[in-house]
Amino acid sequence: MSELTEEQIAEFKDAFVQFDKEGTGKIATRELGTLMRTLGQNPTEAELQDLIAEAENNNNGQLNFTEFCGIMAKQMRETDTEEEMREAFKIFDRDGDGFISPAELRFVMINLGEKVTDEEIDEMIREADFDGDGMINYEEFVWMISQK
């Protein structure tokens, strides 16, 4: 829990206690999604199942506060990473159409001080262009960045 601030832990505790109606120090795993949403997180059902499987130590359908804080820390890290990826994508997607064209990629690379040929730009696009449209969409961009 060292990556969480004291304020975050206190906020999580307040919310956790509201869901711990019997005062056992535990919540039912089925309540996790609702609890997380009250704290501004919006995990998908699949993400919830993965988070529960990772955090639940004794597989009894309940989470204690420490397990819950671990889940929240992980979810917040992933949310931060997602936001950073979207911001990076926007830098490349200069016209905001949701795609990085060869011209946009070339512009950014040159502004970063990279000397790249048209062939190198085309190769970079080809490596990540899974749908074959000649441009890089957000999902392809994330894949490309995660390969580096």
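Placement of Cβ uses the backbone N, Cα and C atoms for every residue, glycine included.
Annotated Ca(2+) 3-binding residues in Swiss-Prot are Asp93, Asp95, Asp97, and among Glu87, Glu104 the one listed with them is Glu104. Per-class residue totals from DSSP over the domain 'EF-hand 1' (7-42), listed helix then strand then coil: 23 helix, 3 strand, 10 coil. Taken together, the residues of the domain 'EF-hand 2' (43-78) have an average pLDDT of 86.
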